[in-house]
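Residues annotated as divalent metal cation binding site in TrEMBL: Asp41, Glu42, Asp163. Look at TrEMBL and you will find 35-268 tagged as domain 'RNase H type-2'.
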Amino acid sequence: MSILPPTVEASLDSIHTKTYYSKVPDEIANGSDIKVILGVDEAGRGPVMGPMVYGISYCTQRYQDEVLIPNYEFDDSKKLTDVVRRKLFAKMYEPITEGSDQVEIDGVGYATTAITPVDISSGMLRFPPSKNYNLNEQAHDVTMALIEGVVQRGVVLDHVYVDTVGPPNSYQKKLEERFPSIKFTVAKKADSLYCVVSVASVVAKVSRDILIEKLKRSSDEKTGSGYPSDPNTVAWLRDNQRPLFGWPNSMVRFSWQTCKTLLVEDKYKVGSIPIEWEEDYIVSKKNMSQQWTPATANDIITLDNWYN
């Protein structure tokens with residue numbers, strides 16, 4: 001049996017960010033005075049293509065120590081093969097038998113938020129630049145929203161472990177202030193140190209990989225890994241660049257420098273159409289009379305000269 005993960009189904013064909021929460025495990029929903037731990041990790045922070053997916057997983061301390069660690073090979077998702085990652089995640093959502101809702105790894109709850117290229121770029125390219133919503137802020141807000149969503153479902157969290165690529169101390173303080181009743185450990189390489197984070201890493205990575213596959217417009221389309229350093233990805237960007245709109249906004253993060261360079265320099269001669277934005281004139285040192293001077297035949301048409 002092979003079915004799409006529910007985390008993927010929730011985000012398919014959407015240009016905007018979507019979140020999915022699994023059912024709360026019975027042991028947690030029905031238990032009392034149990035220590036629930038939660039792990040957070042992401043997949044797809046660096047690529048120029050596709051969503052950035054934040055994943056969380058949570059379970060009791062006992063379930064992690066007595067079931068997950070002895071019986072399953074969860075680790076930093078980058079250290080596992082694609083086949084192993086998908087098999088592990090499938091055990092969390094695929095029924096053991098047809099017609100049943102019983103899964104093999106039934107003591108783990110999980111959730112994802114897939115931040116789409118549209119939302120990543122629109123946040124990072126807000127105007128004026130002082131209002132930019134950078135990637136770290138987006139990541140922090142999504143993480144806190146996912147934790148809050150678990151708490152709102154009646155789960156009493158004891159300890160949360162977060163994998164981070166930024167300064168861990170300031171991030172941990174931010175989380176502790178937001179959730180004062182929960183203990184936090186924010187660490188680099190947490191997905192290799194804490195099993196519950198490893199599970200979140202697998203959930204996020206598999207979900208993103210399948211979402212990337214679903215973005216392809218044909219089965220043989222070669223997009224590469226999505227990273228700007230990947231020659232196959234750069235080749236795809238070059239071959240699919242269009243003069244006015246660049247690339248499909250469902251696939252590409254326009255806020256990445258790779259895209260800006262290709263659009264501005266037009267090094268591959270696709271005939272990119274230069275655009276001068278009204279805001280650039282408003283914030284420039286031009287006085288009003290200069291801004292509204294009638295256009296000449298060689299001037300680029302902008303909103304301020306269109307009707308002159």
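Cβ coordinates come from backbone N, Cα and C, glycine included.
Bear in mind that TrEMBL entries carry predicted annotations, made automatically and left uncurated.
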Starting from the Cβ of Asp41 (divalent metal cation binding site), draw a 10 Å sphere and report how many other Cβ atoms land inside it.
29
Mean pLDDT across the domain 'RNase H type-2' (35-268), rounded to an integer, is what?
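Within the domain 'RNase H type-2' (35-268), the model's average pLDDT equals 93.
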Report the residues of the chain - excluding Asp41, Glu42, Asp163 - with C-beta within 8 Å of the mean position of the site's C-beta atoms, for the recorded divalent metal cation site, in sequence order.
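Other same-chain residues near the divalent metal cation site: Val40, Ala43, Tyr54, Gly55, Val162, Thr164, Ala190, Asp191, Val197, Ala200, Ser201, Ala204.
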Report, as a single number, how many Cβ atoms besides its own are within 10 Å of the Cβ of Glu42 (divalent metal cation binding site).
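Result for Glu42 (divalent metal cation binding site): 25 other Cβ atoms within 10 Å.
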For a quick check of packing: other C-beta atoms within 10 Å of the C-beta of Asp163 (divalent metal cation binding site), how many?
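Result for Asp163 (divalent metal cation binding site): 24 other Cβ atoms within 10 Å.
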